[in-house]
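Per TrEMBL, signal peptide is recorded for 1-24. As annotated by TrEMBL, domain 'Peptidase S8/S53' applies to 135-577. Residues annotated as active site, charge relay system in TrEMBL: Asp144, His219, Ser541. Among the features that TrEMBL reports, domain 'PA' is placed at 395-466. Positions annotated as domain 'Subtilisin-like protease fibronectin type-III' by TrEMBL: 647-742.
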Amino acid sequence: MGRIVLVIALVLSGVFAVPTQALAKSDTTLYIVQLSGDPALRTESARAAVRANRESVLRRAGIGRTVRNYDTVFNGFAAALTAAQRAKVVRTPGVARIWKNERHTADTISTPAFLGLAGADGVWAKQFGDPTRAGEGMIIADIDTGFWPENPSLAGLPEPRPDQAVIDAKWKGTCVAGTGTPQQQVTCNNKVIGARFYDSSGFGGWSGEFRSPRDYDGHGTHTATTAAGDYDVPATINGKPVGSVSGMAPGARIAVYKALWRQEDGEGSGGTVDLLAAIDDAVADGADVINYSVSGSTRLVVDPVSLAFYNAAAAGVFIAASAGNEGPDASTVAHNAPWVTTVAASSHDRGAIKSVTLGNGRTYQGIGQGDAVPDAPLVDSVNAGLAGAAADRVELCYPGALDPAKVKGRIVLCKRGVNPRTDKSIAVRDAGGVGMVLYNPSENSLNADYHVIPTVHVDEVTGAAIKEYVRGANPHAALSATTTTVARAPAVAAFSSSGPADAGDGDLIKPDLTAPGVDIVAGVSPAGHHGNMWDGESGTSMSSPHIAGIAALLLARHPQWSPAALKSAMMTTAGNVDNTGGAIQRGAHPANPFDDGSGQVRPARAFDPGLVYDSGAADWTRYACGIDQMQLASDWCPVVGAIDPSDLNYPSIGIGSLPGDQTVTRTVTNVTDLPSVYVATVTPPPGTAVEVSPPTMTVPAGGSATFKVTVKRTDATYRQYTFGALTWTDLRGHAVRSPIAVRPVALTGPGEITGTGAAGHAGIDLVSGYSGIVTAHPYGLAASSEHSQKLIGATAAFVPSAPGLSPAIFSFEFTLPPAVKLARLATYDADVAPGTDLDLYVYQDGELVGRSDGTTSDEEVPLNGGSGTFQVYVVQFGLPPTLTDQVVKAHLFVVGAPLTGNLTVSPKQRPVAPNDALHFDVAWQGLDPAKRYLGLVEFGDGTAARAWTTVAIGPQRPTIP
């Protein structure tokens, strides 16, 4: 399993660099130990059994002290272990798996009206009668950086509370005041009814932080008040009124779990140990909904946090999680488990238009807040730095990097990135500047931040044009005043992470849906926001609490709905058109389901979806077994079985590899009090034909119906996704829409086969998706080049953002030529002493381009499609107790042109028809039995390559007498 860097999904007014900090002392490493058996969930008798089993394991393993015990949604404990202790724990009966502690770092006024919550015809009035009562009886847990208790958006609710008996019956939590002065501690009220804080991972050491649930960063206060801040609270930013703010569920209660801490450089960080503890407590305390504005793995649906969410959802807790901010690149979406609702970010309709007019008469439109600035000299920040200031800090307009002699009375052109956007305008103001033009260096969102001086934010094209103008003589500019308009919305934010999900290979569409996440005004901490109680922020961190709050509203009205039903209700009623009647856009193109899932949430329709696609723990387990991931954490798969991932009963339909045709099955449940007849309407993905059977269904009240969807390629381009939709409609006004995403392929088969020894053979089984011929061409086998060095001791202090050497780390460089067919770096358990844990990190031009850092020494980094010079770091993260040093090998495989004689495939060509099952025999011979080899077989249709299977051959196994 990977020790993956996770990022709080917030596009701050900038992005921070990751600080250097070890997770544990040099002689110990912090681990999470998962025990066999289920956690207790909310059953006290089961909790006693879980605790007794844990004590038994601890005694057998000789562990006298744990850092944290888990029993509600995760069965296990966290402990700082030496290498010898870790080796003993691994061998202890009752231990299922050991996980490394991962590092997690900190990733609008009009949205209630925009989403149809506010107003006489809005959800608050229609469903709850009074906005202040919307969400009553619900508890939303916010796992984040804490809260600012004095923020007016978190003021106590009027007494007496109509839902107090409901809250009292389920709330088991507490309010931990923390330490320090009263001003550093917190108090709770009937809005924020509980608060806890966690720092077992050691990230709370910055002197400015509070040793309490009090929020320095502001991220947690923002997400909490977005989800359930009080109704209609007047807000001001930089001393100016900006309107009134409300959370999505103003009547709901909030429980705060501070597991992320502000670092000295502005980042917010925490460890898996603490986030897992927060989830465990939130469920035990009685939360109904969890907001988790922290991104996760793009590759895994099974890791400690995801397993905790699995059990939380199984207990009936709805989880909203941010999709991440790595867009618009493909396959960057995080939180890909089906038991979590994954939220993309989109814009809302409150536009803030602001323009810059240059001295040459050209006017460029951007967005921004603030008054007009009359004509003034314009200077590029790169030409306005203090003597001796770092060039990159000058270009980015860091505070203290600009020279007042070069800035005073001028408008300054500043580059977006690294430091918060609003800090840039502070730097300009402090140096005497009168305005700022902020430009994107590459495609990204435009944000109407609340700056301390008038600022216009422009895109990368406009930015390049202005930079070119500034190079001329005597550049000048003027900024217009802000014009508030109704903007075209929603549009998917450029930063919002995209599918297809690496986890599941595209058979499950993620993200699930989108919600407002651009320029969202909500409560913050004045400590981290220049004295402001409110501020505008952007990111999927901001969209996730919208969905958490809306889920609380739905659950308040439909307490019998499961988390999957809540998700389905929001997804199948989501919208796919913007306020102009056109398709929701991403940049200059219509968004697709990998951008916004099912579309923009429409809360009013979600209260009456007609049908839902329900699922539970058994379904999720079979799905995770079907993608070969549940096996990482349990032995359930042989018992419960597996399903084709496309057959999970989900509100969307994804087929990541479609050779010919495929049929998927779905079951819908009528959540109304009346039977109804539903008719299917299909918009087939272009280049495919779609058949629904039956095309008409009668679904009884409270009952279910099952149908099948067959998707067949006609002329769609191979290996490119194509999108459509299926909608079930009845005569009662219900339209239950599911997006469809399929990727037709000419051939599908295994990604890799393995073998050993100097000679041997293996089979490759494929399925075809066309009529014609299939050809097979072998490449390789190529022996690895070995890079080795003696490493002394072990280290947990390697920081990927700032790689360095130590006695337990070695590094080497290599160069890949163009047109390499296959390249891979790898280490192997068989090359080192049992119990060794090696990690691999690969960089190109200083950028981390690949990593493999599981809990063993079987590590692998593919380098397909890359060329140039690469730097590799091999880290000895863990050693067995009997060793202090050993020689460590890293293997580099480079497969280029075909090599004859050592790898053959038969047949070389054969005819095929759609859905044919094909078998090819692969043989190798003449190898050195002590070496490792890599090759591949490329399958084509006579005109182009269509599929590839890697062939990995290991050393001859020793003969056991």
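Positions of Cβ are set from backbone N, Cα and C atoms, glycine also.
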Check: Per DSSP, what is the residue count of the domain 'Subtilisin-like protease fibronectin type-III' (647-742) in each of helix, strand and coil?
Finding: 1 helix, 60 strand, 35 coil
Checklist line | Alpha-carbon spacing, Ser541 (active site, charge relay system) to Asp144 (active site, charge relay system), which is rounded to whole Å | finding: 10
Notebook entry, point to check: Can you tell me the mean pLDDT for the domain 'Peptidase S8/S53' (135-577)?
Noted result: 95
Item checked: Largest tally of Cβ atoms lying within 10 Å of a Cβ, found at which of the active-site residues Asp144, His219, Ser541 -> Ser541
Next item on the list: Provide, as an integer number of angstrom, the distance between the C-alpha atoms of His219 (active site, charge relay system) and Asp144 (active site, charge relay system).
Entry: 7
Next item on the list: Would you identify the secondary structure of His219 (active site, charge relay system) according to DSSP, in three states?
Entry: helix
Item checked: Three-state composition of the domain 'PA' (395-466), taking helix and strand from DSSP -> 22 helix, 15 strand, 35 coil
Next item on the list: Kindly assign Ser541 (active site, charge relay system) to one of the three DSSP-derived states: helix, strand or coil.
Entry: helix
